[in-house]
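Features reported for this protein in TrEMBL:
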DISULFID  34-127  disulfide bond
DISULFID  81-133  disulfide bond
DISULFID  82-135  disulfide bond
SIGNAL    1-18  signal peptide
């Protein structure tokens, strides 16, 4: 009898430890009332592994898609969820689809980042469907500015530039 209690105790401790190890690299972002868990360390590591190569492919150094004045600056707390949702949509639907490299290593890194963004987008979509992630005029205007910057370039150049600016989005999320 004591042996079975000890076994159950050890089993529950090992389950808790493995659960902690699985979520240890994740950070929970509070975007308004919505929470999104992302492995920001893994995303940054993947991005840092490809950053130099991606930015070297960027033909236009004088334009920024995400850094344009007011794109992500001074976002109200109530709009963070909506802007994050829009940006995850933007990256999943427009950027990652058009970032193909000849190097399979780069493609695997891009795919890994895209999968993380897809997961976060699903979570934010659930919040949005439950009316916990409202979109106001300011968030729509900020997204519109990003889209204007993006659509001013050809699709491949815009996607490469946006991927090369991923650290701007990650920094914004961590500061929010």
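In case you wondered, yes, glycine gets a Cβ from its N, Cα and C as well.
Owing to the predicted nature of the structure, the values given are computational and were not obtained by experimental measurement.
A map of TrEMBL features onto the structure.
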residue : record         : Cβ neighbours (10 Å)
34      : disulfide bond : 21
81      : disulfide bond : 26
82      : disulfide bond : 26
127     : disulfide bond : 21
133     : disulfide bond : 25
135     : disulfide bond : 16
Next item on the list: For residue 81 (disulfide bond) and residue 135 (disulfide bond), determine the Cα separation and express it in whole Å.
Entry: 8
Checklist line | Cα proximity to residue 82 (disulfide bond), best match among disulfide-bonded residues 34, 127, 133 | finding: 133
Next item on the list: Could you round the CA separation between residue 135 (disulfide bond) and residue 127 (disulfide bond) to a whole angstrom and send it over?
Entry: 12
Check: How far is it from residue 133 (disulfide bond) to residue 127 (disulfide bond), counting Cα to Cα, in Å?
Finding: 6
Notebook entry, point to check: Where does residue 81 (disulfide bond) sit by DSSP, helix, strand or coil?
Noted result: helix
